[in-house]
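Copied from Swiss-Prot, the annotated features are:
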- Cys227, Cys230, Cys233, Cys270: [4Fe-4S] cluster 1 binding site (BINDING)
- Cys237, Cys260, Cys263, Cys266: [4Fe-4S] cluster 2 binding site (BINDING)
- 218-248: domain '4Fe-4S ferredoxin-type 1' (DOMAIN)
- 251-280: domain '4Fe-4S ferredoxin-type 2' (DOMAIN)
Amino acid sequence: MRLSLIAAARAEGVAAKGLLRAHKWWSLRRLTQIMALGVFMAGPLAGVWLVRGNFASSEILGVLPLSDPFIALQSLMTGAVPAGVALLGAALIVLFYLVVGGRAYCGWICPVNIVTDTAYWLREKLGITRDRKLDRRTRLWVLAGALLASFLSGAIAWEFVNPVSLLQRGLIFGLGVGWTVIAAVFLLDLLVTRRGWCGHLCPVGAFYGIVGKTSLVRVAAARREGCTNCGACFQICTEPHVITPALKGTGSTLILSGDCVNCGSCIDACPVNVFEMTMRGRSISPH
């Protein structure tokens, strides 16, 4: 029943907006993810070195350093102070996500999101209803565990099992242990629990959620008085608990939780255009 309701809600959105408009933010997001992965892959596979490095640490055109601040924090926990250029790269990333929202990384950049979205899509198509409940705070414990492991081992612990790094290496060097981890993430989301990895376990998402909690760019239920209670936004959202205060509350219409990935899926799904992307009140929705 639940899956048929999801399909009906999506069909209503497509009927109201048309196929392209009902997938506008999804299309932009997927294009951004593919482009991000593509620039990292272009060097090793085609000799086009726009970016050298990986999602953890890289350099754009040999000039602009970028470093994952979560990696930098783990490095500090090992007792090693990262090089100045690495700290600069981490600071640039933090500043960027303070503007666009920390977990925008999850929805717009992270290639593993493509894996988990595919698992969710297939889950619906196959009618899989099993949904083992996990506390979403578990990812905070995994985050703390990664930092503690780095402190105790003197190594950047999360990189040994980081699905993002393992996926990139697997695409370049072929099959290996990395694909086992990616398969485990896929099967978790497909067979065990809805949005299990991104929504409940990933420490990188937990970290960026903390970073971007006060970010400028937000989704808003700007026209919540027009809500028809179809439930499409809740069904499609990777973090549905973030919607309720903005949509059903009496205070701010902004979705203020750091868990929001600013993906725009609720904007796409809503047949009556309740939601919009805003920057402290100024609409930045694409046209």
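Cβ from N, Cα, C; glycine included.
Shown here: features listed in Swiss-Prot, placed on the structure.
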residue	record	DSSP class
Cys227	[4Fe-4S] cluster 1 binding site	coil
Cys233	[4Fe-4S] cluster 1 binding site	helix
Cys260	[4Fe-4S] cluster 2 binding site	coil
Cys266	[4Fe-4S] cluster 2 binding site	helix
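Long-range Cβ contacts of Cys237 ([4Fe-4S] cluster 2 binding site) within its own chain (separation 6+, distance under 8 Å): Ile243, Ser265, Cys266.
Every protein chain shown contributes to the tally, and the Cβ of Cys227 ([4Fe-4S] cluster 1 binding site) ends up with 16 other Cβ atoms within 10 Å. Taking each of the binding-site residues Cys260, Cys263 in turn and counting other Cβ atoms within 10 Å of its Cβ gives the largest count for Cys260. Neighbour density around each Cβ, counted as other Cβ atoms within 10 Å, peaks among the binding-site residues Cys230, Cys233, Cys266 at Cys266. Under a cutoff of 8 A between CB atoms, and with a sequence separation of 6+ in the same chain, the neighbours of Cys270 ([4Fe-4S] cluster 1 binding site) are Gly13, Ala232, Cys233. Between Cys230 ([4Fe-4S] cluster 1 binding site) and Cys263 ([4Fe-4S] cluster 2 binding site), the C-alpha separation comes to 20 Å.
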